[in-house]
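Novice: Submitted below is the structure of interest, expressed as structure tokens.
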Amino acid sequence: MVSPDDSPEIRDRPRPRRCLLPASVTVEPVIFLSMFALALQGPLATQYLWDRLSADIGFNGTRTVGCAMNGSKSAGPEQQEVETLTAHWSLYINLGGFLVGLFSVMLLGPWSDKVGRRPVLMLPCIGLALQAAVYLLVMYQELHVGYFLIGRFISGISGDFNMILAGCFAYIADVSDRQSRTFRVAVLEACLGIAGMVASIIGGHWRKAQGYINPFWLVFAVNLFTALYVYFCVEESVKDKKPARLFTHRHYQSFFRLFTVQGENNRRRKLFLYSLALLVVVTVHMGAKNLFVLYELSYPLCWDSDLIGYGSAAEHLTYLSSLAGLRLFQLCLADSWVAEMGFISNISGLVVISLASTTPIMFTGYGLRFFAMATTPVIRSKLSKMVEEGEQGALFSSVACVEGLSFLLATGLFNSLYPATLHFMKGFPFLLGALLLLIPAGIIGLIEVCEQKPMYSQFSEIS
């Protein structure tokens, strides 16, 4: 039975905007607010783990104790134990969210191709709000940090932040044409950077002034507000909605069909190669990002909350500078070569950071990475252009799974490697990340060169 509102005449009528925003503004506030909450929560959660685990083992250290040991080459054994415990608990907590979220995203993405994008944008916002509520409960009751896993489990069931990313990028793919898609995707990623920069600056000062509780209340409120924004202000982008069951194996089939059905122009091979490139890029990005705070907290940098906030702001500023650079270089270069320039920027910055022993050198490394985030919009856009309109949700859910797997690899590899290499080179994980980035740089360059060869052969035949 079809309700009156679902009749073709009513469904095709233009619907008025439900909020006072320009028509060109769609899901940008969703990704901005969600990233703001995540960027505010992330460094504070790491610092809370440090403080709680320090108290549990009786380390009254403050991190400046290890920094003031007569210029000693390394921190004391207690501080190294705290670093190791913090890195390991970060691994356990992130692992819990990934394992649950992997199956949720594989269901929700293809489901959104049928029922629309709005439900899969609201659900993870609510899940992230509940996660913040669990974190608040742990802090109020001073429970063991292992209870953070409950919050990550709840967030994972609802799709987590990766589902918000997938939903927003699929939405932009729905409403943009092929020519403007790369830049529209880059705008979304710039929203990630601006939100992260603002949250990082606020978070450091706020924690220093009032502790952890009040910032996490803001995280809770922002996630709830984002869900309300989606409900009242985001118009549906899927043109032909139809009812569909959520829990069915067909969604998994749609997911895997992308990589098993051979399309035109070696589509399957290119999807696999671009996904592999994205896997490595995001693994290095997440792995380095997870360690930045821990690297800055400990000897020899020994940053306080203010400097950590400025460092995180500098890291997120790369999203904005990469957007400007992408727009500029697109005027004279193909997207693939713009991505190659992003790799050069990222690799050089990570090498400098791996050797940083003073604050100016650390910020120099951040500065060299000014164009580092130009690679991911190019890869997302190329992936989106390879599939049909009705496959965007399945595609970006696969991208979300790749990013979730990247997060798992990043936390497993980098968080385990960091304590294992403390005794000979603290910055070794960043150096390893720079080397790993040579793999996607080679993949993207090779595909671009191979795609140009037929064009040259056609010219030679004509001549």
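Each residue, glycine too, has its Cβ placed from N, Cα and C.
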Novice: Do PHE256 and GLN330 come out on the same side of the membrane in Swiss-Prot's annotation?
Specialist: yes
Novice: Can you tell which of ASN60, ASN346 Swiss-Prot marks as N-linked glycosylation site?
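Specialist: When Swiss-Prot is consulted, N-linked glycosylation site appears for ASN60.
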Novice: Based on Cβ pairs under 8 Å, which of the stretches 28-46, 360-380, 393-418 lies most in contact with the transmembrane segment (213-231)?
Specialist: 28-46
Novice: Same chain only, please: residues at least 6 beyond the ends of the transmembrane segment (393-418) with a C-beta under 8 Å from a C-beta of the stretch. Say none if there are none.
Specialist: 83, 87-88, 90-91, 94-95, 98, 101-102, 105-106, 108-113, 117, 120, 160, 162-163, 165-167, 169-170, 173, 251, 254-255, 257-259, 275, 278-288, 290-291, 294-295, 380, 383-384, 387, 426, 428-429, 432-433
Novice: Tell me whether the transmembrane segment (271-293) sits in contact with the transmembrane segment (360-380), defined here as at least 3 Cβ pairs under 8 Å among residues 6 or more apart in sequence.
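Specialist: In this chain the transmembrane segment (271-293) contacts the transmembrane segment (360-380) - 3 or more Cβ pairs sit under 8 Å.
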